[in-house]
Structures are given as structure tokens and as C-alpha cells.
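Enquirer: Below you will find the structure I want to go over with you.
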Amino acid sequence: MKTIIHILILILTITNVFEAITREELQKETRKSLNKDSKDIFDNHIKSMSELNKLNDKLHNRTNVKDDKNKEANESLMENSELYQGDMILTPNHAHVIIEEAKLKVEAKKHGNSSYKDMIEKMKKLKVFKKNMQLKWDFPIPYYIDYGVNPSHVLAALKDIEDNTCIRFKRYGRLYGMAGLRYYQGRGCNSVVGRAGKDKVQDISIGRGCEMMGIIQHETLHALGFFHEQSRPDRNQYLTILLNNVAPNMRNNYEIFNTDQSDTFGIPYNYGSAMQYDKKAFSYNGRETMIPKNPLYLNTIGNKARLQFLDFKMVNRAYCSEKCKSSIKCENGGYEDPNKCGICKCPYTLGGRTCTEYLKNPPSCGAKNTYTLEGEPVTIKAQGKVDCVYYIKSNRKVRLIMGDSNLASRGEACYSGDALEVQYLNDKSLTGVMYCGKVNGKTITSEGSLMIVKYTGTVNFNYVVLKFESV
């Protein structure tokens, strides 16, 4: 019963929308709890956002648009209309790069796409878009947790990052005269993006409703210099953006980076990334604003539970590439563990030194967890408060038919680690398709000859019946 109440509270909190407030009031409310260094950054950010909004109006042919600070603000936990893409406070360096790119787009629109490509190359040569221009952090990163924030939530989120990367944090009672992070209870969930300077203490707001591990990690990755998944330069290959459902003054939140400002580090687009917003982000009418081009992932985007395997891999590519010198070859998308050189960090459903081994289940998951389909279908009932992984192989493809079920659910998005994850694609480093709640009758077919299914029951009465057949 306590678990049910806890889940209901989480749903109500996460979907919380603040009381009506004007844009000017929202700016003041967001600013007032910042420390001095972050207030200076925020003031510059607001000026930059004003310039950026004017450029975006030109880009989208919006004329006679008044910058009305008395207009009601758009606001929810991670969608503050006065912040960049809802939760980012831009440093002067980042603001400069983004504004220069917006100018480039406006100018290119006058002359066509070929001119745009020419100007990108020209700007790169002039080093306006210098790769990794933001300062990287030295380790350990100093931080402190201010009053109002539950320390256990922050400590767990940071330890998870440390366990999967070379990033190191060091907690202080207060910070003076050094670069570091301050976790405080501000308005909503937001962060300064990238290291702001060599001696600046910058803020990460963990407001009421922002205490989930994935949200704290999301904002911490912003502080490390990472942007949103949906702003990647390859975004349009994976998402359809429905701007008609986004208020005009919020459409700039769906701009993508076409320059080196957004480095994907060779990591594939991951719908389950904790840096990916949900399907109704910035909606003014309650309708969907972005839809995965792979429709199976519609309820997977918007994961707030925890950073995913590829999120950690991206951090390692950015910060940890020099940590290990061995020549180990990791299979199935794994990467060398920076904390144990010579051993691979594996996607969550695989193990072994080089990520070629299957995981073992606890006895409550059943007598076996590896099946090869030969003729008759295989039916499995996963139930109870337990984590189970099943490996289903065929000499053809595997079709999963979901039967009677009662899986955990937190709302519209299905969170990784909460219910049922189906890795049906050949690339097992990608987050699988997430299913939650009632899934009776749903089907999914593997891309290749192996399907991996991970069941997570959060309470004793969770269950699902899974039928597998070769097709």
C-alpha cells in the first residue's frame, strides 16, 4: 500500500504545473535563489535569450512580435520558458555559439541551403564554433548540497555516475574561491550548462518534484557540458516534431545544433536516454509535440528514472578516453570500464569480461532464462517484486505476444527499470522498448535472431505473461 501511495505522489509531483505567473515574475523567482556567480551568468543568459528569440522570430517569419514580460509564462518542472530548452542557463560562451548559429541560419535562409553549408564551413575555419570550447572539469568536482535538498538523493545519483564513468565528485560543507556545483532547492529543475569558469560556483536547482535520480543526473550532465538528446544534429532522422502543438514563443526549444557545439561522440540516438524529453514537452494544448519515427518507442521517450547505458558511454567518450591504455575489445556495444581497466562495462542485460555472457536470474524468475525456439512457442510468466532477464533465440526471428498483465506504471512515459523492457533490435546497447501498465495483446518482433526481455516488478502483484514464437 505504501508503494502505491508513493507512486501516486510521484505522478502528481512530476506532472505538477506551477500557478500562473508572468514572464517577468518567473525571471525574478528563478533568479532570487541563485548564488552570486550564477546570478551573473543568469543575467547574461536573459539578455542572450532575448536576442535569440528575436533571431528565431526572423527565422520562422514571425513579425511584430512583442517581448511582453507581463505575458503569462509557460512553466513546469523542466520547462521554464525563460531558460534555454526549459532547464538550461547558458554561460556566455554557449550563448555566443548558439546566437552565432541562429544568425547563420537567418542569413542562410535568404540564400538557400548551399549558402548555409558554405557559411558553416567558414565559421568553423574562423573558430567561432570551436569544438569543446567550454571548459572541461577537473576531478574531483567540488560540490555541496544546500538546505532543502535531500542529500541521499544527490549522493545516490552522483555515486551512480561515478560507478559507470571516471567522473569523480567531492562533497564540501560550502565552497569558496573554487569552481564547483551547488545543489539547492530552487524553482523547478535546471542547471548552468558546462563549466562556467575556473573559480565560479554554479547552481543546479533540485526543486520540489525534481528528486528522482534521473532528473538529478540529467541536470548534472548539463553542468558537465551535455545538451538534450532531441537537439542532436541527427534528431530529425529519429523524431517528427509537431510545432503546431508548441506555443510560438517556445518553438526555439526545438532548434537543433548543426555544428560542433553538439558532439554525439559516435553514440547512436537513444530514445530511452535520460537526456531525451517526453512526447508532450512544451505542448500548449496537451497534444504530442514529438513522435519517434519508430512508433514502438512512443512511450519510452521521457525516461526520468536513471541515466541509460549510452548516456554513461557518452560521458566516458567525452571525459575518460585517456583513462585506460589496454587493448581489450568490448562486444555488443560495451566500453572499457574506466574504474577497472581491462574489463568492459556492458549493456545492462549482458555481462562477462567482454560483454558476451548472459546474466543469471534469481530462482523466483523460473528454472531457466535462455530459450531456443524449435517448433512450439514458449510461454513465461514473470511475476512479483523481482528483476528477471530472458534470452530468446531462434534460427529465424522472434515474435513476442504479451498476455495478461499488471505492470508498474508512473503515467504516460514508461520508465526504464520499472516494468518491461524489450530489446528487439540487434544493437543491445540501445534502451529497449518500454511497456508498463496493461499490455495485453501487444506484439513485437525481433530485428534479428535474439530478443532480450527484462522484467522488473516493483510490487508483489506485478506480473506479465509472455509468449514467444519463431517467425
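Including glycine, each Cβ sits where the backbone N, Cα and C put it.
Sharing the record's features from TrEMBL:
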- 1-20: signal peptide (SIGNAL)
- 127-321: domain 'Peptidase M12A' (DOMAIN)
- HIS218, HIS222, HIS228: Zn(2+) binding site (BINDING)
- GLU219: active site (ACT_SITE)
Enquirer: Do you know which of the binding-site residues HIS218, HIS222, HIS228 has the most other C-beta atoms within 10 angstroms of its C-beta?
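Expert: Result for the most crowded candidate: HIS218.
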Enquirer: Taking the mean position of the Cβ atoms of HIS218, HIS222, HIS228 as the Zn(2+) site, which residues outside that list, in the same chain, have a Cβ no more than 8 Å away, listed in sequence order?
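Expert: After dropping the recorded site residues, what remains is GLN85, ASP87, MET88, SER191, GLU219, LEU221, PHE226, PHE227, ALA274, MET275.
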Enquirer: Expressed to the nearest Å, what is the distance separating the residue listed as 'active site' and HIS228 (Zn(2+) binding site) at their Cα atoms?
Expert: 10
Enquirer: Average the per-residue pLDDT over the domain 'Peptidase M12A' (127-321) and send me the rounded value.
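Expert: Reported value for the domain 'Peptidase M12A' (127-321) is a mean pLDDT of 92.
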Enquirer: DSSP three-state call for HIS228 (Zn(2+) binding site): helix, strand or coil?
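Expert: In the DSSP reduction, HIS228 (Zn(2+) binding site) maps to coil.
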Enquirer: What's the number of neighbouring CB atoms sitting within 10 A of the CB on the residue listed as 'active site'?
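Expert: So the number of other Cβ atoms within 10 Å of the residue listed as 'active site' is 25.
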